[in-house]
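As recorded in TrEMBL, the features of this protein are as follows:
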- 1-140: domain 'MARVEL' (DOMAIN)
- 38-60: transmembrane segment (TRANSMEM)
- 72-96: transmembrane segment (TRANSMEM)
- 116-136: transmembrane segment (TRANSMEM)
- 160-197: region 'Disordered' (REGION)
- 170-181: compositional bias 'Polar residues' (COMPBIAS)
Amino acid sequence: IFSIVVFGSIVNECYVNKDSQHPELLCIFNENESACSYGIAVGVIAFFGCIFFFVVDLYFQQISSVKDRKRAVLLDLGFSGFLAFLWFVAFCFLANQWQRTTLTRGFSQGADAARAAITFSFFSIIIWVVLALRALQRYRLGTDMSLFATEQFGTDPTASYPGYPGGSGVESTETYQSPPFTETLEPNPKGYQVPAY
């Protein structure tokens, strides 16, 4: 949402006529076209990145490969950190250029949009740093493989391990193998010979 506010306000109201004698549209940030272009570019990149990672988060549990899950989390971490840096540069650049702007009558009509772009650039830094920290936390949690494995267990830490899935509930005496984790009471079960060393 913040990226839409930034690039939307720059596109809609930050290109204005300096005065009635100059018909061309100028960037309100100290007449520096680079400031407007940079703000728009970062806003658009952030917007499409948010859409992409939203879709990745929706389908994250359906990614079966552990390596692909790890790559998705690392990509999220890298992209969030990169966007936090881009928003920091955008905030500094736009604030610096706005400080140097002399407000003429034409420029004053886009002043609120310029201030909104600067303000939401600052808020975007905070949001993307939080997203980067969240991705880092997901990565650290995933190093014990619980994040990257399918969710087989409940979220309750006191929950016990689920039992061995049985068939009909009635055990037959003629099974091909015994259920796991059971102890046999026979010293030499069914044809097994203890090797003599």
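Glycine residues also receive a Cβ, built from the backbone N, Cα and C atoms like all the rest.
When pLDDT values are averaged over the domain 'MARVEL' (1-140), the model yields 88. When the domain 'MARVEL' (1-140) is classified with DSSP, helix, strand and coil residues number 109 helix, 6 strand, 25 coil.
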